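Some notes on the structure that comes next.
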Amino acid sequence: MNHPPMPRSRRDAFRLAGLSAAGLALAACGVQGQKAAPPKADAVKDFWSKQTKHGSVVFANWPEYMPEDKGPLEKFKQATGISYEYKEVIQENADFFGKADPVLRAGQPLGYDIVVMTNGIQLQHMIELGYVTPLDHSKLPNFAANAGQKYKVRAYDPDNKYTVPYMSGVTGIAYNTKYVDEEITSIASLFDPKYKGRVGMMADAQEVGNFAMFALGIDPEKSTEADWKKAGEKLKAQRDAGIVRKYYDQNYIDAVSKGDVWLTMAWSGDIFQRQLAGEPVAFVVPDEGGTIWTDNMLIPKGAANPVDALMLMDFLYQPAVAAELDEYVQYVSPVPAVQDLLREKAKTATGDDRKSLEDMVDSPLMFPSDADYARLRSYTQLTTQQEQVFNPIFQSVTQA
Amino acid sequence: MRGTRLGDRLLHIYTWIIIVWLSSPIAVMILFGFNDKQSKSNTSWQGFTLRWYAELFDIPDLTVALRNSLVVAAASTVITVVIGTMLGLALGRHRFRGQGLTNFLVFAALSTPELVMGASLLSLFVSGNVPRDATTIIISHVLFSLSFVVVTVRARIVTLDPSLEEAARDLGATAWGTFRQVTLPSIMPGVLAGAMLSFALSIDDYVVTSFVNGSTVTFPLWIVGAVKTGIPPQVNVMGTLIFGVGVLIAVGNAVAARRRR
Amino acid sequence: MRRLTPYLLALPGWLWLAIFLVVPMAAMASVSLQTGNAYDGYAMTFSFSNYADAIGRYSTQMVRSILYGGLATAAMLVIGYPVAYWIAFKGGTRKSVYLFLLLLPFFVSFVLRTIAWNFLLSDNGILFGTLKGWGLLPADFHVLATTLAVVGGLTYNFLPFMILPIYVSLERVDPRIVEAAQDLYATRAAAFRRVVLPLSLPGVFAGVLMTFVPATADPLNAQILGGTGNTMIGNIIQTEYLTNLDYPTASALSFTLMAVLLVGIFAYARALGTENVLEAAAR
C-alpha cells in the first residue's frame, strides 16, 4: 500500500463515492472531501522505509516525449535491471486529471508509477487532493547534483516535495516576421490597437492572467485579488477593442506561422520547431516578464513500484541521459550541463546533424540566458478559495 | 422529358461536388504524408519524399494505437448494429409498454454532451471496480452509437408496408423466416447506413474514449497528445491508407455491382 | 409469443441504456443539486438554485448554441436533401458506394481534418491568399475565427448524419409512384411536394434529430474554428468540469441543455404536424 492505511469503513465510503467520483454522486452519500493534510515528515520516511525495489516500472507520458528507440529507458534497464513499460497515455492535463480523479478518489491505483503533468491548476489539484506520493530525496542524488537551481525552487512545489521537473518551456511572445516589421520586445505590443484583430492570446486562465499582470507591472507570483481584477479589466478592454482575434489553445502555432495572427502568446518549444522548419516566426521573452512552466514527474498515490519509479526519475538526471532526451525533445532541460554535452557532440558530428545540434546549443529557446531566467515567473499560486475567484475573472473574458 | 434529364445531370454533378467538398481536407492530409520535413513540425511544404511510407511502422505506439482503433471500431459497430436494429424494430414495428420511455432514452443518449457521458461512464466503471481497457471503450462506443442506429433503422421501418410481413406469415413462413426473407432485406439500407455511421463515430471519437480508455490508446488519442510536440507524418500516411482502402472498397463494390448487372 | 416479441427485441438495448445511461444520469441529477467543492466534498442540499445560477451566468452561450445548432441544421437540410434524393432515385447499383464515399472522410481523425481545414482556410493560404493576390478579396478578409466558420464547421462535420437517414427513407419510395405523381400533378415541383416530401419526412425527422442535438452540444468546432464571442455551451461545460471542478454547475448545465433540446425537438415535431414527439419518433 502506498498511502497510510485507511480504516475499512472509510475506504468503503470512498468506494460508494466512486459512483459520484467524477462529480456524480448518488443522492444520499455526496462526494467525499479529499483535502489532504500536509504529510508529516515521519510518515513519509516511514512509508519509504517499507518500500522495496520490484524490478519493473510503468511510465505514463505524453506522445513524442521520448526518443523512438527509448534510449534513456533502455540504458536505465541495463544499469539497474529494472524493466519498463512506457505508455503515451497523456493528451491533456485537464483530460488526464478528469480521468484520474475518480480512480484516485475511489482509492484505486492508476496503474502508473510515474506520471508527467504540467504545473498548473490540475497538478495543484493532484497535490492538494493528496493524490501524489511525497518523494524521498535521499534516493535522488543525481537530481541534487545536476538539476539547475531554478528547478529546485519552484513556487508550485517548494523543495520538490512531490515532483521533479521533466522538461520546461517558456511562455513569451511569438510574431510572424513577414507581417510585423518591428522588433517586438514588450507585452504592450499585444495591447497595441495597430495590431487590431491580429493578436492571439491564450485561453488558459493562468497563462492569460500572467501576461495581463506583467503588462501592469505586477509580479504574478505575489499577486492579490485586487491585482487579478485589474488584470481582468485590462484583458476585457483589449478584447472589446477588437484587438484579440481568438483565445487559443495549442493551435495558436499554426495561426502565427501562417500569418492569421501576427503576434501571439506562445510556448517556446513550439516556436523552435517552426524555426527549424524555416517558417518566419520569432520568439521573445518580453521585457516585462514571461512565464516559465514545467512538465513534472510525479508518483501517483497507490503506485505499485514507487522505489523503481524514484530510481528512474533520478536516472533521467544523469547529464548524459538528460542530453540524449533533450536532443530529441528539444525543450528546456532542467539539467544545465546538457548544453555543454550537446556542444561537445556537435564538434564530433558532421553535416546536417552538426548543423541541427549547433542550432540547439545556440537557441535561447532550449537554453535561456540568465537574463531571460531573471524575467521568468511561474503561474500565480492559488488556494482553493482563491481559485474560485481567479478562474471566473479570466474565464469571463476568454469564454464570453 | 429533357428538363428532367438535365435536372438529374445537375444533381449528379452536385452530389460529386459535395463528395469532393467533404474529402477536400483529405487531400491536404495525403499531401503532407509526402512532405520531406526537416524539423518535428509538419505544416509547411519542404519537398517530396517517400520516406514516411518506408518508416510507416517506426513508431510502435502509433501502430498499436491504430490497431486498437480498428479493433474497437469493428467490435462496437457489430454490437451496435445488432442491438440497435433490434431496438429500432421494436420501436418502429411494435406497440409495447414503456415505448415512450424507450424513445426518451434513445433521445437522451443522443443529447448527453460527450464529456458528461465519458465522465459518468468512468465513475460507473470505477465504482463497479471494472478495469478500464479496450472492453470499456467498446461498451462506451456502443452507447453513443446506439441511438444513431436506432433512429436510422426506425426511419426506414416506418416507411415499410407491414402487410408484406403479414402476407409472408399467412403463406406459412415462420417468424424467423419472415424476418430473414422479408423484413431484413427491406430494412437493410437502414442497417447498412447505421453501421457506417457507427463505424465513423467510433474510429473518430476522442472525448468519451479519453475517459474510459485506462491505458489503452486509440488513434485519435495518440494524435491529440502528439499535437504538443508535432504530429509525425506517419499519422498522415496511416490516414491516407485508411482512406485509400476505403476508396478501393468503394471502387470494388461499384465494379462488382456493374458485373452483376 | 407474438406479444413478447417487442420486449425481447428491445431487451439488449434496454439493458445497455439502463446500466450505462440511466444509472449515471441519476447520479448526475443528484450532483446537480449539491453544493460544496472538490476539496471539502459535495453534500446534497437540494439546491435548485444551482440551475438558476448556471442559467443566469451562461444564458448567452446557451442561446448562441441553439442558434448555431439550428443554423447548421438548416444548412445541412438544404445541402443534404438533394444529395440524398439523387442517390436514392438515380444512384442505381452504386447507391451504397456513394454513401460510403460521403462518409469516408470521417474515418480519418478529426485532428487531421481540422489541421487541413486550417491550412486551406488560412487568411493568406492557398485559397484566400490567392484570391487576395488577384484583388478579388479585401486584404483583411477572413473566415477562421468567425461565426461563419463555427456554423460552417458544424455543417461540414455533421452533414453525413443528415444525408444518410433521408436517403434511407427515400430509397424506399418506388420511382414509379413518383412518375405517376408527375403525370397526376403536371409539374415536378408539385409531385415532389405532394408525394416525395411527405414520404421522406421520417428520414428528415431522424436527420434533424441526429444533427441538431449533437451540433448544439458540440464544443470542438467553436474551440477550433471560432474567435472571441463564439463560445458555445459545450465549451462552458468542459471548463466547469475539467478546470474548475465545479461538478454541480456542469451537471446542471448539461440537464438544462438536454431539457432545452427536448423542448426544441418537441416544437419541431409539432411543426411537422405530429401531436407527440415520442409518437413522431416512434412512427
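Along the chain as shown, the residues are counted starting at 1.
Keep in mind that glycine also has a Cβ here, set from the backbone N, Cα and C atoms.
Automated prediction, rather than curation, is the source of TrEMBL annotations.
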Do you know which of C:30-52, C:191-213 TrEMBL annotates as transmembrane segment?
C:191-213
Listed stretch, out of C:99-121, C:141-170, C:191-213, that has the most CB pairs under 8 angstroms to the transmembrane segment (C:66-87):
C:141-170
Can you tell me which parts of the same chain pack against the transmembrane segment (C:141-170), counting only residues 6+ beyond its ends and a CB-CB cutoff under 8 A?
68-69, 71-73, 75-77, 79-81, 83-85, 87-89, 95, 99, 102-103, 106, 110, 117-118, 121-123, 128, 132, 196, 199-204, 206-208, 210-211, 214-215, 218, 221-222, 224-228, 230, 232
Same chain only, please: residues at least 6 beyond the ends of the transmembrane segment (C:99-121) with a C-beta under 8 Å from a C-beta of the stretch. Say none if there are none.
83, 87, 127-128, 143-144, 149, 153, 156-157, 159-160, 163-164, 167, 220, 224-225
